[in-house]
Amino acid sequence: MRIIPAIDLKDGQCVRLFKGDMDQNTVYSDNPGETAKQWAEQGAERMHVVDLNGAFAGEPVNADAIAAIRKAITIPMQLGGGIRTLETLQKLFNLGVDFAILGSVAARDPELVFRACEQFPGRISVGIDARDGKVAVEGWAETTDLNAVDLAKKFEDAGVAEIIFTDIARDGTLTGPNVAATRLMAESATIPVIASGGVSCLADIQALLENSGPYPNGNRISGVITGKAIYDGRLDLAAAIALSRRWEN
């Protein structure tokens, strides 16, 4: 199970939001490249980057910061936030992004996910952000009637690399991940699931590892994203990575 540090970009800075509220943000750094380098040096094998301005604008906004992160690290980078078209995907891949996350558009226009997977095989993940089990879109500002698990199952034959599942009620709260909901997602669909939201300490990583599978359907929880906990010093990234590696072995 990969331990993936998160860099959320707002106005070119690294921030963390509380429950996805753009007005409740803490600025941690004005140097995204240096922040990415720091996490990579602690052993991260992948970087999770979100363009928060992009999520609301409907197109990526923080291109300079994304380029700075790419220049600073050699590990793969996955990026989400405001990706709505195949043209935008191509631009991001040209910038050096390795994997792209389709969020709101996956709920609004599922067919685009299939086309994207066909055009960029192995490089497309779907971000499913849920509030009480229902999919939220447009930077979490709107909750739909779509069931999160049903949306994941819709893409089983698309060639989606991973589902990034976020429980909005936990995000940025340090109250622990929603292990049960993440496990349900992985047990119900056949696409590997990355857990996101609420991680606060090593015990949370342990709980996810203990529930990571593989399940009878062959699927598993393949990773966990951590943000606020590593920025606040509550979780030692290197220790979390070491724990995961010991578990895998």
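Every residue gets a Cβ built from N, Cα and C, even glycine.
In sequence order, CYS14, VAL15, ARG16, LEU17, VAL49, VAL50, LEU52, GLY227 are the residues near ASP8 (active site, proton acceptor), counting only same-chain partners six or more apart with C-beta under 8 A. For the recorded site, ASP8 (active site, proton acceptor), the DSSP three-state label reads strand. Among the features that Swiss-Prot reports, active site, proton acceptor is placed at ASP8, with the record citing sequence analysis.
Positions annotated as active site, proton donor by Swiss-Prot: ASP129. Taken residue by residue with DSSP, ASP129 (active site, proton donor) is part of a strand.
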